[in-house]
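Participant: Got a structure for you, questions after.
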Amino acid sequence: METPDPIPTTVRGTIPTWINGSFLRNGPGKFEFGTDRYTHWFDGMALMHRFHICEGIVTYSSRFLRSDSFVYNSEKNRIVVSEFGTMAMPDPCKNIFARFFSRFQIPKATDNANVNFVKYKGDFYVSTETNYMRRIDPQSLETKDKVDWSQYIAVNSATAHPHYDRDGATYNMGNSYGKSGFFYNIIRVPPPGAEASTEDSADLTGAEVICSIRAAESRKPSYYHSFVMSENYIVFIEQPIKLDLLKFMLYRIQGKAFHKVMSWEPQYGTIFHLVNRHTGKVSSIRLLEVRYRAAPMFTLHQINAFEDNGFLVMDLCCGDDGQVIGEYTVENLCSDGGAEIDKFYNSLCRNLPRRYVLPLTVDEQTPLDQNLVTLNNYKATAKKTKPGEVFMTHEELHDDELLQYGGLEFPQINYDQYNGRPYRYFYSCGFGHVVGDSLLKMDVHTKELKVWRYPGLYPSEPVFVASPKATEEDDGVVLSVIITPREEKRTFLLVLDAKTFTELGRAEVPVNIPTGTHGVFNKMG
């Protein structure tokens, strides 16, 4: 159910009066149309949430994204648009020949943008991993125009995790493929112009591809969910979660969903492509790209990256088994009985924070088989193994204490002040369950943890909001929506002191809110 008109919440404790803005969250919220049901958690129709915070008072509202997918499914009262893990079946009202031939039509990409809220040129959009986004009114959550990336630049998709520089430009990555091969493209959207547009419409003019990276395996490109950006560099991680393009072309005929064409193929290892963010040029020796390689791993979310005396330090959430992405089916998540859920959870690998260090200057004079990471404060290594190739090993960015919380995911930092710069703290969800069941604060200098965890409470991705008078990195609060599946209509917005990681207050919402994905804080003046 949606709650389009803001409703009051019950505040317990204290919500700091300096917090002034809206906590916006996105995620799957509707899994059934008629007798049809989505099979994968990623497929649910986007439900947007807004917690508006002002003078210590919190109101809540939510709306379903009025995507074409949502509208068509609602009109037909069945699933008519295919999603990541669910294939739409042919219309039963068609005759047998029409149903047969409809299987040979390439399905249109979904505009069910249920992953994140993003900003381009000052406007808010909701995004997924296709070529479509939807512009959103951040106050009313009203669905506005549909935006097709391919109408602005030559890409077929874009991630839901862009990066922002301090000039207001937005960077993202998207795929393109054609006769010349498969490419991973770095996209730049300029800052809003000096004169803001008076038209109430989407504006991505000036968007450009600043670098195209050819896939190492043209028929088996890699899946990716995000990328790395520091002040001067972008790193694209080509990981061994592979998309079989032949199966991709045939999956409609075979009646298979998109996640069926993804496979974990560790024999390909991991390749890090280093790109100068200002010139768009890939790191190279005499026009030959320098390839930074590592053992097979997969990553969905990067934590931060920064430059340090000729090295690029990258902190990522990593796992050793990329098959996990296809496993988050509704059936697995809603298994009857604790034993089945425990069996599914125990089959999953643990995602853990890791640090890789790339030497930025690798040339013909760089010696072979020597550790190039010469800074004393890093345990990660990098060795030139042959011309144009460097092999890296990571440093574990945690102590054994983290393992009792099941590893972590959904990392967030003080982004506005510390993204792309040396930093000390990040916040995340601990995964002692199939969904997050704790909130963690990690000190990357000491690897010490602060923890918020209570039985039966399941937090969302933590988002940091800086205090207006902040003098230190962790001066502020951490916001998280806490799901209470054992209690009806007891979901609440949690506000933690970011420094001490203790509760300041909570705002209880008298409606059930489903588990979401990502969110942002929209600061008001």
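Positions of Cβ are set from backbone N, Cα and C atoms, glycine also.
A TrEMBL annotation is a machine prediction, not a hand-curated record.
Below are the features I grabbed from TrEMBL:
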- His161, His225, His301, His518: Fe cation binding site (BINDING)
Participant: What is the Cβ neighbour count of His301 (Fe cation binding site) at a 10 Å cut-off, with all protein chains included?
Facilitator: 19
Participant: With a radius of 8 angstroms around the mean position of the C-beta atoms of His161, His225, His301, His518, what other residues of the same chain does the Fe cation site pick up?
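Facilitator: Residues close to the Fe cation site, other than His161, His225, His301, His518: Val115, Asn116, Thr159, Ala160, Ser226, Leu300.
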Participant: Let's check the environment of His161 (Fe cation binding site): how many other CB atoms sit within 10 Å of its CB?
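Facilitator: A 10 Å sphere around the Cβ of His161 (Fe cation binding site) contains 20 other Cβ atoms.
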Participant: For a quick check of understanding: among the binding-site residues His225, His518, which residue's Cβ has the most other Cβ atoms within 10 Å?
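Facilitator: Of the binding-site residues His225, His518, the most buried by Cβ count within 10 Å is His518.
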